[in-house]
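Undergrad: The domain 'Aminotransferase class V' annotation in TrEMBL covers B:7-354. According to TrEMBL, the L-glutamate binding site annotation covers B:R43. TrEMBL lists B:A77, B:S78, B:W103, B:T153, B:D175, B:Q198, B:N243, B:T244 with the feature pyridoxal 5'-phosphate binding site. The N6-(pyridoxal phosphate)lysine annotation in TrEMBL covers B:K199.
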Number of protein chains: 2
Amino acid sequence: MTNRMHNFNAGPAALPAEVLRKAAAELEDYNGTGMSIMEHSHRGESYETVHYEAIATAKRLLGISDAYDILLLQGGASLQFAMVPYNLLAQGKKANYILTGSWSEKAKKEADHLGETYSGASGKDNHYSRVPDFDTIRTDATDAYIHLTSNNTIYGTAWQDFTRVSEWEAPVIADMSSDIFSRPLPVENFDLIYAGAQKNIGPSGVTLVIISKTLLEKTAAIAGDVPAILRYRTHAEKTSLYNTPPTFAVYMLKNTLQWIEANGGLQAMDARNREKAGRLYDAIDESDGFYRGHAHPSSRSNMNVTFTLPTEELTERFLEGAKNKGFSGLNGHRSVGGCRASIYNAVPLESCEALRDFMVAFQKKHQ
Amino acid sequence: MTNRMHNFNAGPAALPAEVLRKAAAELEDYNGTGMSIMEHSHRGESYETVHYEAIATAKRLLGISDAYDILLLQGGASLQFAMVPYNLLAQGKKANYILTGSWSEKAKKEADHLGETYSGASGKDNHYSRVPDFDTIRTDATDAYIHLTSNNTIYGTAWQDFTRVSEWEAPVIADMSSDIFSRPLPVENFDLIYAGAQKNIGPSGVTLVIISKTLLEKTAAIAGDVPAILRYRTHAEKTSLYNTPPTFAVYMLKNTLQWIEANGGLQAMDARNREKAGRLYDAIDESDGFYRGHAHPSSRSNMNVTFTLPTEELTERFLEGAKNKGFSGLNGHRSVGGCRASIYNAVPLESCEALRDFMVAFQKKHQ
Ligand SMILES: Cc1ncc(COP(=O)(O)O)c(C=O)c1O
Ligand SMILES: Cc1ncc(COP(=O)(O)O)c(C=O)c1O
Ligand SMILES: [Mg+2]
Ligand SMILES: [Mg+2]
Ligand SMILES: [Mg+2]
Ligand SMILES: [Mg+2]
């Protein structure tokens, strides 16, 4: 593991080196069972233990009460864009999508196929450089639900605080794909949270859903005639063993969550992630405008740091130089360009410091 | 790898030892890139090569022409139970489900949520012990499609031949979850084939879909207002990179398909699988009725060998004894009981011979 790359991929992304080492060591023979965890039946004891430990560890880390169920599903966050309205967008109601970036737009677009939606706030006019002020967001008690994206992976902005979403009367739903388990989270202020695992908590192929039992009850009337596989209740009733789960992805999820726990939990992740992001934002702020952050300082993400250089040509030279130095994944999303450093839980501080040093040196040379 | 269990799991199931060894060896550092294949972006060269090689190898093994697309999806075969009618069951049409076991029943039930279905043949009356005679199957040129299950994992029966399905005028759709890549397949007689990977071709978490481009065109009119994630066209247009694929599962799929190729392809798999199944069916046939096969000899599966013993008590003793001897996964599906040996591609002949020996010895002792 001495040759580890500086991995700034946006997802799938860096995993903890310890978690990979453990997976490699027991890949052919899991726990002395004479077979790989991938070869175990999902109805057998070995896998079931992994499955329920993944769920229990997630609950423990988030301090979740029994008022919530945790589901482990397939299909990525993109399937949740459809499952949410299938289960919650009743006829005659409108779903309220707060638009803070491309992913919230996509979520709304899927819901548009299934019912009525509107947008109670949008950052589109400021190029999604900030999350709307809480007081400017329109909501209504009759909204089918209010949907937000906690961290905007592409634009590098994030909701800073979730205290006041508890003021909303309608169910609150959040796509937390790119910041779940990166900081403490008041789950009790939400009714449903979903996240693809492939940024902070595992490989791609498994999606975590946290749903309040009260909301789950409500889905019965709305999703009655939706195919069973698309109903949250199906999966809740079968503890996510309705059909074959993505067993190896769940195993990696479990081990990654246990790594978070062993490393101090969400408070510790938050402190570390702030420090890591701080290194890069400092480099931007101290560059006299050579590096321009896309996010307004009040909306900065600690997961995705987005910036450009004075010219497109310099941006390209920067990206090429960085690549040659062993920094991976710094290209901005193909829809916006520029640079983006994704620094999820498993990215070490040293990688951020190495990138900061590279930024400073590059500026010196090219300014 | 000396302590490998005799793995008769029904899925997730045995994987080739060589494929597991390779995965373990390169888990922490894929191809000298300084990161795991799981940590690579799905938009980067390393993963894209894996992705397109998986598709190309599948096409090569099946001898598929460019008239078909291969899709790599999430959600298991169970999500296909819903995607098929979402994309193909037009209003005013009826889908025809040929019922040969629990999985075909489940497929029909999901379609019932979305439109009209009927059943042109059913083996329910004979406890799904045989696949209906071809000439007794009712079909209609106006059927939205005709759906069959090629191998019935739970009951241990299989379609023996697919020559005559080409006589049907409506599109022919097959769930081949438990026998795909176990024998040569006339893909040209089908319009859509789907299969979860977790029996013959990889771990759980990835589902293969083979769809004719002609059929794909037809879905445009039917699935126009279905969410994008549930439309086959979405995934075909983006070569299954519409959203984040289950990258590690695809990597294992690719390596398993390459293992099949290196071991002689589908003809060789078929010969080996017949030989393996033959060992167990011989033990049944030569037991003077001590072991009773569930499948009628004319419908026997070479993937799942199902049988019972003279009494439930003996069946239980057999299962317990087998477990103690290191045979894993021999319990029948919880819905039917009895014994089932699943002997997919990666199960070695030696495992079948060891089980045969155990069966013979058990009979001698308990008859
Ligand atoms: C915030 C957010 N939502 C949704 C998605 C889509 O996730 P998936 O590719 O798993 O469908 C992403 C992926 O990057 C994301 O960052
Ligand atoms: C023939 C068949 N179809 C469908 C399924 C369901 O597959 P999944 O669990 O991947 O949804 C199975 C699983 O055993 C099966 O054997
Ligand atoms: Mg975004
Ligand atoms: Mg509330
Ligand atoms: Mg069956
Ligand atoms: Mg035809």
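Cβ atoms here come from the backbone N, Cα and C positions, even for glycine.
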Undergrad: Which has the fewest other CB atoms in a 10 Å radius around its CB: B:N243, B:T244, the listed binding-site residues?
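TA: Lowest Cβ count within 10 Å among the binding-site residues (B:N243, B:T244) is B:N243.
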Undergrad: With CB distance below 8 Å as the criterion, list the binding-site residues among B:S78, B:W103, B:T153, B:T244 that sit near chain A.
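TA: Near chain A: B:S78, B:T244.
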Undergrad: May I ask for the distance between B:T244 (pyridoxal 5'-phosphate binding site) and B:R43 (L-glutamate binding site), taken between their Cα atoms and rounded to an integer number of Å?
TA: 9
Undergrad: Which secondary structure state does DSSP assign to B:D175 (pyridoxal 5'-phosphate binding site), in the simple three-class scheme?
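TA: In three-state terms, B:D175 (pyridoxal 5'-phosphate binding site) counts as strand.
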Undergrad: For B:S78 (pyridoxal 5'-phosphate binding site), which residues in the same chain are close in space, meaning a Cβ under 8 Å from its Cβ, but six or more apart along the sequence?
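TA: Same-chain residues close to B:S78 (pyridoxal 5'-phosphate binding site) (Cβ under 8 Å, separated by 6 or more) are B:K106, B:E110.
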Undergrad: Take the C-alpha atoms of B:W103 (pyridoxal 5'-phosphate binding site) and the residue listed as 'N6-(pyridoxal phosphate)lysine' and report the distance between them in angstrom, rounded.
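TA: Spelling it out, the Cα of B:W103 (pyridoxal 5'-phosphate binding site) and the Cα of the residue listed as 'N6-(pyridoxal phosphate)lysine' are 15 Å apart.
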Undergrad: Check the binding-site residues B:T153, B:Q198 for other C-beta atoms within 10 angstroms of each C-beta and report the one with the most.
TA: B:Q198
Undergrad: What whole-number distance in angstrom separates the two most remote CA atoms of the pyridoxal 5'-phosphate-binding residues B:A77, B:S78, B:W103, B:T153, B:D175, B:Q198, B:N243, B:T244?
TA: 31
Undergrad: Quick test of your reading of the structure: among the binding-site residues B:W103, B:D175, B:T244, whose CB sits under 6 A from ligand 1?
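TA: From B:W103, B:D175, B:T244, counting a Cβ under 6 Å from ligand 1 as near, the near ones are B:T244.
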Undergrad: Mean pLDDT for the domain 'Aminotransferase class V' (B:7-354), as a whole number?
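TA: Summarising the domain 'Aminotransferase class V' (B:7-354) by its mean pLDDT gives 97.
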Undergrad: Listed binding-site residues are B:R43, B:S78, B:W103, B:T153, B:Q198; which sit with C-beta under 6 angstroms of ligand 5?
TA: B:W103, B:T153
Undergrad: Validating a neighbour-count step here. Other CB atoms within 10 A of the CB of B:D175 (pyridoxal 5'-phosphate binding site): how many?
TA: 28
Undergrad: Would you mind sorting out which recorded positions among B:R43, B:K199, B:N243, B:T244 put a C-beta under 6 angstroms from ligand 2?
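TA: Passing the 6 Å Cβ check against ligand 2: none.
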